Structure formats: structure tokens, C-alpha cells
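Swiss-Prot annotations:
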BINDING   Thr9, Gly10, Ser11, Val12, Arg36, Asn117, Glu119, Gly194  NADPH binding site
BINDING   Lys118, Ser140, Glu141, Ser165, His188, Ser201, Asn206, Lys207, Glu210  1-deoxy-D-xylulose 5-phosphate binding site
BINDING   Asp139, Glu141, Glu210  Mn(2+) binding site
Amino acid sequence: MKLGVLGSTGSVGSQTLQVYENFRDEIELVGILANRASEKLLQQAKKYKPKYVVSYQEPAKEWLESLPEGVKYLKGDEGLKAIIEESERLMNAISGIYGIKPAYEVIKAGKTLLASNKESILCLGEIIRKNRERVIPVDSEHNALFQLLSSVKREEVKHVYLTASGGPFKDKSLEELKTASVEEALRHPRWNMGAKITIDSATLMNKGFEMLEAHFLFDFPIENIKVVIHPQSFVHGILELIDNSFLMHTSQTDMKIPIMHALFYPKRKEYPFKKVSLLELSPITFEKVDTTKFKAIDLAKWAGFMGGVYIPVLVGADEEAVNLFLNKKIGFLDIVDLIEQALSEVNIKDPQSVEEILEAVEWGRQKVREIYERKYAGKG
């Protein structure tokens, strides 16, 4: 199987390469791509020796001279095109909104998209829905649902449940959240992830996103997709069937498990990393989501019901609001407040092309920045 890894230096991209290392005899690594020509990308090129290494930032002369023999450097879109053309499966592990266009190019080329980038699933929703047979979700929750849904008839499923750990603020009061720091928000209790998705996990916006993703990936009505707090993060997806039975997918909190499933589907491979026993996957408890404290889920659901331009605006607004919080410009609760206000001011038409989708995302970013300058800048 010929594999391309887009966003190779991030968390999921790096773990994909760890999986590849254990299956070199079955996988040909066509190329790795990252935004920056960083030391990490160079070390990956040396260790894994792909055919192509690609960055959007111009590398230094010394960096290029350090590439191992047989590894070809390509810049930007030229490199992306080469990797897509020569790969069969492409892991889209690019972080944030920058993963949207590459996902579209993979689908347009008729290749299999291993979808880890949330924003691309959301913004390309209808395109994803029409090409579902060539999209394998990598996110642990959607990968779990992908597996569960293959074992039942669609008409037998009453509800789909996504599980949320609750993040670092599950037991904090609304009053305490007013003064929550960036450092506290980045301490996820279960998963080791990048900064953006960790903050989305703290606000529970990631679960709002995941509801909409499940809607597009599996063609389920939004109202039939539920979120439940599961602090242990052992259960990744649940189906409630019409006979009142529940099917659950359970595994340790290790992204290499869904990565392996997506790489080798429909086959399964022996897991080559540290395993846990069933007894270690306990206890398992579930709790109701406090939507008065975590407004992001209902806000995302509303954007999903509105559809059209509202979803890419939501994505762009979230990107900018999280960035403002990470840079300590706003408070934790301001993240969702800014997004909500941006959505309330939408006055642009529904996008008809990928270019217009990207413009709507950028509109959401700029609108949040504008509201911030209007209401928050200069405070304190």
C-alpha cells in the first residue's frame, strides 16, 4: 500500500509514522508534508526515508543538504500534488483550517482519505457525504462508530453517542471557569494532543464539531447524535439500537489503534505497541453533559441545523477565538461567546465552491478578530 502523510510533524502524523515503522514491508511511504521545514521534518526524512519530503516554508540551504540520498524535496502545492498522485491512501493529519484544501484535493483525485482533520470534514461536509466510500475516519470516536456501524443495519440504529472525557474543567464551576488559565486548559486528563484541539476539548467545542462530522460521515440526522461524558475515555463510540440494547467500542486511549485500523481497513493487524488487558479498561461510567456550563455543543448543533455558510464560519471563528485565548488575549469563557457573536452577525451567502468555503472560514476568523478589537482589546 502506498501512503502519503500530510501534517507529518503533528501528533497524529508522528504516530502514523510510528505505525509505518512497524510495517515497512507492507507500506511504501510516498511522502511526508508539513508547513515548516523544521528540524523535526528533517529528522523524519532521515529516519523514514520517504520518496518526497514537502514543506510550504522555504528550507535553508543546510537543511536541504542534510536530506538523505534518495529523498527528494518539493515545495508547497507541487509537493502536495506529487504525494497525492503517487499514493493510494493519504493521512490528512494537518492541523486546523489548513487541512481543508488538501482533503479536497485527495477526494478530487479519487484517492482514499484517512480523515483526521476535523475542519475539512466539517467544511467539505456535502463533498464528504457524497464520497463516503473513500473516506475512513481516524478520529477515535468516528473510527469507533465506523466499525460499529458495519455490524448493524442502519434502520436498527436509534441514536449514535459520542463520548467526551469532559476535559480538564469537567468538575469546575462556571465561576471558576471565568479565571481558567491557558496552562490549566492545556492539561487534558486523557489524551496527548496539539494545543488547538486540546482547547477545543476543554470548551467541548470538539464534541460539537464531532456531532457535525458524524452527521456528514455517516449521514445521520443531527438530532439523532448525542454526547455523553465518559471520564475514563475507554469507550469511544456507542450505538443505541431500536431494541434498547447498546453496542460500544472500547480500547485504550492510544491514537495508534484507530490509525492502524484506517491504514489497513478492511484487514486488521496485530498491535505492535504496549497493550492493556480488559481489566485495565475499567471502571466505565457515564454522565450527562452540563450544557449551561459548556455552551459550545448546542452552538455547534445550531450551526449544523442552519447549515450552509454557518459551518465554515463556525470553524474559522473557533480557530481565531482559540488563538486569542492561547495568546492570553481573552478569557476561557470568552472563546465561545466570541464564536456565538460571530455567528449572530453572519451576512454572507452560502458557499458554492471550495474557494468560497475557504473565504467563509476566513470571514469567521476576521469577524472574531473584529469583535475582539471592538469589545476586548485594551481591557485590563
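Each residue's number is its place along the chain shown, starting with 1.
Cβ from N, Cα, C; glycine included.
Locations of recorded Swiss-Prot features on the structure.
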| residue | record | Cβ within 10 Å |
| --- | --- | --- |
| Thr9 | NADPH binding site | 23 |
| Ser11 | NADPH binding site | 18 |
| Val12 | NADPH binding site | 27 |
| Asn117 | NADPH binding site | 29 |
| Glu119 | NADPH binding site | 26 |
| Asp139 | Mn(2+) binding site | 27 |
| Glu141 | 1-deoxy-D-xylulose 5-phosphate binding site | 26 |
| Gly194 | NADPH binding site | 16 |
| Asn206 | 1-deoxy-D-xylulose 5-phosphate binding site | 27 |
| Glu210 | 1-deoxy-D-xylulose 5-phosphate binding site | 30 |
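Looking only at the binding-site residues Lys118, Asp139, Asn206, the one with its C-alpha closest to Val12 (NADPH binding site) is Asp139. Same-chain residues that are not part of Asp139, Glu141, Glu210 yet have a Cβ within 8 Å of the Cβ center of the Mn(2+) site turn out to be Lys118, Pro137, Ser140, His142, Asn143, Leu145, Leu162, Asn206, Lys207, Phe209, Glu213, Ala214, His236, Gly237.
Cα of Arg36 (NADPH binding site) to Cα of Lys118 (1-deoxy-D-xylulose 5-phosphate binding site): a distance of 21 Å.
Using Glu210 (1-deoxy-D-xylulose 5-phosphate binding site) as the reference Cα, a 10 A cut-off selects Asp139 from the binding-site residues Thr9, Gly10, Ser11, Asn117, Asp139, Gly194.
Proximity to Lys118 (1-deoxy-D-xylulose 5-phosphate binding site), defined by a C-alpha to C-alpha distance within 10 angstroms, is shown by the following binding-site residues from Thr9, Gly10, Asp139: Asp139.
Gly10 (NADPH binding site) falls outside any helix or strand according to DSSP and counts as coil. Neighbour counts of Cβ atoms within 10 Å were compared across the binding-site residues Arg36, Lys118; the minimum falls on Arg36. Other Cβ atoms within 10 Å of the Cβ of Gly10 (NADPH binding site) number 24 in total over all chains.
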